[in-house]
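Among the features that TrEMBL reports, active site is placed at H225. Feature annotation from TrEMBL assigns ATP binding site to 178-181, 229-236, 261-262, N269. What TrEMBL records for 147-282 is domain 'Fido'. As annotated by TrEMBL, N-linked glycosylation site applies to N137.
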Amino acid sequence: MIQQSFRTETLDTCASPISLDCFLPHQALISYPEHGQALVNRQRTALVVEELDRDFLRKIDEKRDQVSSIPESDPALCKAKKESYFQHIYHTVGIEGNSMSLAQTRSIVETRMAIGGKSIAEHNEILGLDLALKYINNTLVNRVGDITVADLLEIHKRVLGFADPLASGMFRRTQVFVGGHIPPTPPHIIPLMDEFIAWLNSDVALRMHPVRFAAIAHYKLVHIHPFIDGNGRTSRLLMNLILMQAGFPPVIIPKHERHTYYQVLEEANRGDIRPFVRFIAQCTDKTLNLFLWSTSEYSATLPQLGQDEMHIIAPPTRHAQVHV
């Protein structure tokens, strides 16, 4: 089935994602590398895990197809897309520490008016992400052809355009340190980005399941850390560009899962990207559930939403008061 790209309303190989690996064979192999039974058990576990992961991705594809089958003119779908747009901005800047509420985020995007008591930097993060999302929706989602370095620079130019115009759309020229991760030095950035873009448009990458492809692309870009700031936001936007081109809605990584998000990124830095891919797949599944739940005709086919999903729909209103 050929998927249409998904546009929001504007106001080397890796193991399969999802199921957890069995710990016991792994622990036995650490203690006794030649432990024959542990090797057998690990191989058996890997096959079971891979099948479970494929099954999970098939279910994600089915939900995507359900969302794609809803007429574009459906009022509930239009409302869900618009709400998703605000949610995406709210949660992705929230992951970076932005303290704006969902209502305040919506107000800034819709009115361009300032919120009393909030920093200029927090306003600029929201305005920059809004501009970048509009650029992706209007220019890149339905465009035929490869994703280029210039595309990523244009996205970053908008992400950081309000906050730091001089650094926006430019590769960093100084060394940075990200927790325990030391990104490449500036002289290595351009060749690494050229290599990344070649992989991004390769047959190997394009044959992957879109969720896996998007997650690995996100990780590869944030690992290179080519910009002085805005690497996480740009990487999440690239991830969602890939997903939208494959017919998925933009995935929401909830700000209240910030710790898990950074934890699985750190695990990837230590050599195991599988937990990160699994995390992105789970976020994709929850986002699709929200779209289906939001369209009443389809909500009966879904299980009752969990507390974490309800939290995305209706975040705590304690700080929701908007002061203009």
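Here, residue 1 is simply the first one shown, and the rest follow in order.
Cβ from N, Cα, C; glycine included.
Nobody curates TrEMBL annotations by hand; they come from automatic prediction.
For the pair formed by N231 (ATP binding site) and the residue listed as 'N-linked glycosylation site', distance between Cα atoms is given as 20 Å, rounded to the nearest Å. Highest Cβ count within 10 Å among the binding-site residues S235, N269: S235. The number of other Cβ atoms within 10 Å of the Cβ belonging to Y261 (ATP binding site), over all protein chains shown, comes to 19.
For V178 (ATP binding site) paired with H225 (active site), the C-alpha to C-alpha distance reads 9 Å.
Y261 (ATP binding site) carries a helical DSSP state (H, G or I).
Here the Cα atom of N137 (N-linked glycosylation site) is found 31 Å from that of N269 (ATP binding site). For G180 (ATP binding site), applying a Cβ distance below 8 Å and a minimum sequence separation of six or more within one chain yields E266, N269. A 10 Å cutoff on Cβ-Cβ distances gives the residue listed as 'active site' a total of 20 other Cβ atoms nearby, all chains included.
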